[in-house]
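Among the features that TrEMBL reports, region 'Disordered' is placed at 1-25. Marked as disulfide bond by TrEMBL: CYS27-CYS54, CYS278-CYS290, CYS285-CYS303, CYS297-CYS312. The feature domain 'CUB' is assigned by TrEMBL to 27-141, 158-273. According to TrEMBL, the feature transmembrane segment maps to 331-351.
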Amino acid sequence: MGGIRGEFHIPSPQMKNDSGAQPAGQCGTWVKEQEGGVFTSPNYPNKYPPEQECIYIIEAPPRQCIDLFFDEKYSIEPSWECKFDHIEVRDGPFGFSPIIGRYCGQQTPPYIRSSGRYLWIKFVADGELEGMGFSANYNFTADPDFKDLGVPKPLPLCEFEMGGPEGIVESQQITKDGKALATEAVDCKWYIRAPPRSRIYLRFLDYEMQNSNECKRNFVAVYDGSSSVEDLKSKFCSTVANDVMLVTGLGVIRMWSDEGSRKSRFRILFTTFQEPPCEADAFFCHSNMCINNTLVCNGIQNCVYPWDENHCKEKRKASLLDNLNNTNGTIIGVTCCVVIILLVVSVIVQIKQPRKKYILRREDFDSTMFQEVFEPPHYELCTLRSAPPPSADLADLAEDFENYHKLRRASSRCVHDHHCGSGPQLPSAKGSRSNLSGREAPATILAERPLLPSTNRRSILVMKHSYSQEAADACDLDDDLEEVPTTSHRLSRHEKAVQRFCLIGSLSKHESEYNTTRV
């Protein structure tokens, strides 16, 4: 931990050396001087008595450290690792501060320098083999960490007296009460005095050190019973500060901050309490605390756990309404009126705004939006055009028509029967497909149409007939074709093709009958 560290101030000639704590009982002598002091073991230079435990805590002024020397006349019972009689030195004000060394035997301990303002020394003697003991001298010297800052100015006197059932201790009191300027280093102390038979509970409400973990530059310390170093209870210089429960009725809060750490701040709530059984005008906190009844439901947690603020909802609501003054009421009222006006205007605008109606016209209908599901087989049966003069060879014409009808029945039976609903059923449709696929050239026939008696006759010219295998497979799906969804424009085009195909078939039938009759 490097000792409890804090900024230093070179003492003025009028300053007393109040560092150190006189051990309880007969634990030797302690002479304090302006720049140091001397302390010894009990009965030195004679043998020290058995069963002794003496603790010495040395505190240097701010920005100074401690040099410790042991006299050559030194004798302590020797033992392995000094487990029996010994001297223990730690770098700091606590028994858990980093240990510097443990010494015993006849060899004088070496020179020791602290890293900060404190040294903790303990002398222990068991019940056997006593020795001469020790004598130690100490003095204060400038801390090398601050050698570039020069001699600091004298610190201003900064002390506060506080009491009552509760109160707030905060660092802002230093500047508010004019104890020190915002640019000066401070070493302030707050003395909190509780009523007789009462103790003090400290709870941190706010805490922040400008230079965290630099205890030489800023810290907050709590003392229990006095401001002496031996009564140091806790010291905070990092990022967290814990609540402290004191065992006496006098608490001291100390804040040290150098010129570059004056933004460090803290705020502590102190509450005085008594131990149970509680008196008639006290409230039991369920944690061995009896606080004053005036602290119950005051909006501040005075107990260790918030027992004093539970079941206080009704009282808190009333206090909130009572705290509303005319200015707050006016601001709230104006804000509510503005919000209501805006809501009314928005509703009126929505009601008055004309609504657009969208009507889908039939001519605007885009038929390409629908997917083409059914595509009829691709075929070109015939076209009508002006016929040439009729041929005189009727026998050749009859033979050509007979070949044409054979081709039509073999290749286009399924298409003609499906669309026209007439014609004989062939035993097998696969045979017609195979025959059709084997054809390499289209049949071209020129015939005379004898349906009209007039001289303006027209002939049927079969130009091309291409029927793919996919179209042939579609002939086997006569029943399924009726269930396939299709669009209106595709269906219309398909119906026209069917009608044209049926018309051609009907004309061919009449022509065949006519030729048979003539023959």
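For all residues, glycine too, the Cβ spot is worked out from N, Cα and C.
This view paints the features noted in TrEMBL onto the structure.
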| residue | record | Cβ contacts under 8 Å, 6 or more apart |
| --- | --- | --- |
| CYS27 | disulfide bond | SER41, PRO42, GLN52, CYS54, PHE123 |
| CYS278 | disulfide bond | PHE284, CYS290 |
| CYS285 | disulfide bond | PHE273, ILE291, ASN302, CYS303, VAL304, TYR305, TRP307, ASP308 |
| CYS312 | disulfide bond | VAL296, CYS297 |
Neighbour count (Cβ, 10 Å) for CYS303 (disulfide bond): 22
DSSP-assigned states of the domain 'CUB' (158-273) in counts, ordered helix, strand, coil: 10 helix, 59 strand, 47 coil
Most Cβ neighbours inside 10 Å, all chains, among the disulfide-bonded residues CYS54, CYS290, CYS297: CYS54
Number of helical, extended and coil residues in the domain 'CUB' (27-141), per DSSP: 3 helix, 54 strand, 58 coil
